[in-house]
Amino acid sequence: PTSGQGVTVVTAAEDADEPRRVDFSLTGDGCSLSPGLPRWANYVKGVIQHYRAPGLPNFRAVVASSVPLGGGLSSSASLEVAFYTFLQQLKPDNGEKLGKVLACQQAEHTHAGVPCGIMDQFVSVFAREGHALLIDCRSLEATSVPLADPSLVILITNSNIKHSLTGSEYPTRRRHCEQAASALGKESLRDVTIKELEEAKEKLDDVIYRRARHVIEEIQRTVQAAEALKKGSYKEFGQLMVESHNSLRDLYEVSCKELDELVSAAMEVEGVFGSRMTGGGFGGSTVTLLQAHAIDEAILHIQEKYSGTPTFYVTTPSEGSRTLSLI
């Protein structure tokens, strides 16, 4: 906090758009912080706008991040949730986690212009170390599924092919799904069975049909994947990852040559269970589940087979947003 006038926020991210510093004022009655340039600051402004406790003090803040922008790794949600967590230290809200998630999602809708779902913000808040998270986007309930086997790691591979969700096909895909649900007389594709979709195939545009089929089958795969993890059946889980990627490639059509190369290369390595694209598509990253002993071979093989220059992150499931002591 500062006794000075207004707010100053600086980003240390080298791939953020200029300027890297923004200054604006807060008013006591909940100001309206209009989005504009630089784009990175819109996420910050949106979180301040939707913060769930009035009377924020003036402050100065620096944003430092190791999450690559446009890599399909939830850089926007991580910024929103981290900044919300920071604001909670200045002026505590009621501490309700779901409210935090919804405020951060709303920030992206109103200030970044992205009609995003809730998954990225949800896991950024609710993640538990050593667990995957099964999210019900209708009831907004989540189930932690153990994923702490020390013989496993998750390899994230950034294709370093950039994409922007706002300018991408994401809003179009969302609209396709809404059109499909409407044509089938349902509020959501979650209420549609494959049988119902097939029976209505003739009256649906082919593109709309393929988008809907991906979503309906992906919902089934997600439930099956959670069950596979609970049983420790990593082979089955990996197969579902590959099926998911193939569907994203062929039915939803949001993959690209580079992501397909990365998945294919990963699957050629012994000890790899599964691999798929992650994020909005058209570039970004893949996520691969594999045995820890195979990590070096997997990285070398992917580097050899991939036409671009990938960046690798060897990870395990970790805790969600929290404050860190500097002492």
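All residue numbers here begin at 1 and follow the chain in the order shown.
Note: Cβ is positioned from N, Cα and C throughout, glycine not excepted.
Note on the domain 'GHMP kinase N-terminal' (42-127): mean pLDDT across this stretch is 94. Summarising the annotation, TrEMBL assigns domain 'GHMP kinase N-terminal' to 42-127.
Residues or ranges marked as domain 'GHMP kinase C-terminal' by TrEMBL: 225-307.
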| remark: the domain 'GHMP kinase N-terminal' (42-127) resolves under DSSP into 49 helix, 4 strand, 33 coil
| said: Going by DSSP assignments with H, G and I as helix and E and B as strand, what are the residue counts for the domain 'GHMP kinase C-terminal' (225-307)? | reply: 49 helix, 14 strand, 20 coil
